Amino acid sequence: MKQFIEFIPLIVFFAVYKFYDIYTATGALVVVTGLQLIYSWVRYRKVEKMQLFTFLLVGFFGGLTVFFHDDAFIKWKVTVINILFALGLLISRYGFGKNLIKQMLAKELQAPDAIWDRVNLAWVGFFTVCGLLNLYVAFNLPQEMWVNFKVFGLLGMTLVFTLLSGVYLYRHLPAEQKGELKK
């Protein structure tokens, strides 16, 4: 259920865009992302840092989009978030010695540090490519294609990359842990 709730702002953005326009959809995105934050606080008594970070960026770029009536701001948000994710993974690993991907998954999966570092760098590359690809689509193709890319393209790419990361990690798990996962 919690994972579904994460997609609600994206679904609302897409639906409102199809019936109205980018500015109404952006306003709806800001409101629903804020409501999502409130729901998390009421339901779970905590707000994830990533949720708060996303809300702040959505609020900032969405607010600028609506205020200036310029869709360039909301288009840039996708790239900024992806580049910040990539930088966050890089800086946490090589600046502070913490591999965030490993921290998120190490409770369930044990793999050598070198493997975690490769997965971390792969995600850095993935987020960077997504950010750059978004720039290309946002500013070289029609707005409707960008909305479809943002909603379906990036989501699909992320799901595929997550699966590929899982397959890569699975190949490097100790034999006894592979047996546990098959049960």
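Heads up, the Cβ atoms here are built off N, Cα and C, so glycines get one too.
Marked as transmembrane segment by Swiss-Prot: 22-44 (among others).
Per Swiss-Prot, the feature transmembrane segment maps to 54-74 (among others); the stated evidence is sequence analysis.
Sequence annotations record features per position, and here Swiss-Prot assigns transmembrane segment to 76-96 (among others).
Annotated transmembrane segment per Swiss-Prot: 119-139 (among others), in sequence order.
Summarising the annotation, Swiss-Prot assigns transmembrane segment to 149-169 (among others) and lists sequence analysis as the type of evidence.
Remote same-chain residues near the transmembrane segment (149-169) are listed as 10, 13-14, 78, 105, 109, 111, 115, 118-119, 122-123, 126, 130, 134, 137, 141 (criterion: CB distance under 8 Å, separation of at least six residues from the stretch ends). Sequence-distant contacts of the transmembrane segment (54-74) (same chain, at least 6 residues past either end, Cβ-Cβ under 8 Å): 9, 22-23, 26-27, 29-30, 33-34, 36-37, 80-81, 138-139, 143.
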